[in-house]
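Quick paste from TrEMBL:
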type: DOMAIN; residues: 11-227; note: domain 'Orotidine 5'-phosphate decarboxylase'
type: BINDING; residues: Asp17, Lys39, 66-75, Thr121, Arg182, Gln191, 211-212; note: substrate binding site
type: ACT_SITE; residues: Lys68; note: active site, proton donor
Amino acid sequence: MHAPVPDPRDRLIVALDLPSVGAAESVITRLGDSVSFYKIGYELGFAGGLGLARELIADGRKVFIDFKLHDIGNTVARGVASLAALGASFATVHAYPQTMRAAMEGKGASPLRILAVTVLTSYDEADLGEAGYGAGVAATVARRVAQAREIGIDGIVCAPTDAASVRAALGAKGAIVTPGVRPDGSDVGDQKRIATPFAAIRAGADHLVVGRPIVASPDPAAAARAVQAEIARALS
Ligand SMILES: O=C(O)c1cc(=O)[nH]c(=O)n1[C@@H]1O[C@H](COP(=O)(O)O)[C@@H](O)[C@H]1O
């Protein structure tokens, strides 16, 4: 079975990493109809962003709730059930087997897709070692993808530099979502395992998550259009 091919507009997910609903609404207005998929994480989510998520969903936009859940199974399953009731399209959990199983159980028959975060894009080999994982980035990603596949997860969040090996390990089923995307010339910030939008799509990413290069740009709509043009070029 093949992963459903995303609508080209849905390939770009804009991370609304902003401090207030007002700031997010202003970026959304400036982006207009060019962007149809938004991600809400800690910063906005803990500042009223779940209300905005409801409004976006009611307005026909797709919403990715990125709280990277990781807790005992009962808590994860119930939290995911609430995100399913909200109408979110995607939600993240850390790629621990117990957590992934609980999330898949918690979403029930809803269309919510559970994405398992493998190794954060801000981690390099030294960061992973410091956290106590001695196997290295590639082996840790591979182990987590194999476990996610076994569980039947809906998708994987990984660095664009891992996308090709993740697709090979995951098989055709399952979405690949890559943050750590940096158009040429943009600030890298705290990201470590990065690629351009073109390279990420060519490596097999289904969706790209882009935050600061768009939302912190003086012209967010132009920045989003530039990323979408790169996506289109990579797909042609
Ligand atoms: O799960 C995520 O979305 C995520 C996973 C990961 O490994 N790295 C990562 O950067 N993210 C998120 O992707 C977004 C990237 O934002 P920018 O670095 O501003 O483009 C942020 O909202 C992060 O929380």
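Each Cβ is built from the backbone N, Cα and C atoms, and glycine gets one as well.
Help me picture where these features are in the structure shown.
Proximity of Lys68 (active site, proton donor) to non-local residues of its own chain (separation of 6 or more, Cβ distance below 8 Å) is seen for Thr92, Val93, His94, Val117, given in sequence order. Taken residue by residue with DSSP, Lys68 (active site, proton donor) is part of a strand.
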Drop a 10 Å sphere on every Cβ of the binding-site residues Gly73, Gly211 and tell me which sphere holds the fewest other Cβ atoms.
Gly73
For ligand 1, pick out the binding-site residues Phe67, His70, Gly73, Thr121, Gly211 that have a CB under 6 angstroms away from one of its atoms.
Thr121, Gly211
If you count Cβ atoms within 10 Å of the Cβ of Thr121 (substrate binding site), leaving out that atom itself, what do you get?
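That number is 24.
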